[in-house]
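Database features (TrEMBL):
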TRANSMEM  5-23  transmembrane segment
DOMAIN    9-97  domain 'DUF1980'
TRANSMEM  35-54  transmembrane segment
TRANSMEM  66-84  transmembrane segment
DOMAIN    166-286  domain 'DUF1980'
Amino acid sequence: MMQRYMGGLLMVALCGYLWKLYWTGTILVYINPRFVPFTLAAIALMALLGGFSLWSGACRGRQSMVGRWTYAAFAMVIAIAWLAPPKALDPAMALQKNAPFAAALNGSGSDGGTAGAPATGPKTIVDLARDPEITQEQLDRLTGTDIDEEAALAQPAVGAKKQVSAIPPAGEITITAENYVEGLEELFAKPDAYAGRPIRVEGFAYRDKDFRPDQFVAARYQIVCCAADATVIGLLAEGMAAPTDAAWVEVRGKLRKGEYQGKPMPVIAVTSLRAMPEPPNPYVYRN
């Protein structure tokens, strides 16, 4: 008797769980905010399907063809989801992630790209012009213009208008969760332009095995789609050891153009280091 309602009940339970994540804001522990509208649409659809399944079982007396053990397996998964509190990725997992930032620092990146620049997303004209695998003919076709490499390098990066707003033209550079991705992309693209500028950034202390004792990365997890694709991005800091590995810190210092394992990158010469609590949402998102 109860089996005819199980499909609908499980659908409603899953729908309720997703709604709880949305209502409490913890859904951002799992997905990029730009996918929240799609999740809401899925919740509405599941609510309709669950309601129809319950109505069908009650009014039509329709017996389910699915075995009870199949329902039990799905019920167990949904019960675990309800009982287990949502939790962000632990900073200590950073070294276990095959992150573009870590790969670039270790010199094992497959594309030899600039360290710290996220591997996802469209390339700028500068990236295309510098890519040894891109021919001039391909560059002209991709950009839609007939320009040589020097002209391409002289052009501002695609989306420069957005990147300019991420970093003020003067004064202290403050890298927050809101401008983290765009800010780092701008700093790595133009390390000379921002050398000597004061900077403040928050992140967890990430250490590669080859770092000196006074080196660490003020890092964050970047999410493009969901937590499964999280990668580590951040700025290399030198001159002061972080309290402990994976500890959250606020770093202040001055930018300089440095390098790590032969790769040029912006480096923070640390002048102040302060321990801080982990923020409610430790992720940054690529829009």
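Residue positions begin at 1 at the first shown residue.
Every residue gets a Cβ built from N, Cα and C, even glycine.
Annotations in TrEMBL come from automatic prediction, not curation.
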Point to revise | Folded-back contacts onto the transmembrane segment (66-84), same chain, C-beta under 8 angstroms, at least six residues removed | key: 3, 6-7, 10, 13-14, 17
Point to revise | Cβ contacts under 8 Å made by the transmembrane segment (35-54) with residues that lie 6+ beyond its boundaries | key: 5, 7-12, 14-15, 18-19, 22, 27-28, 225-226
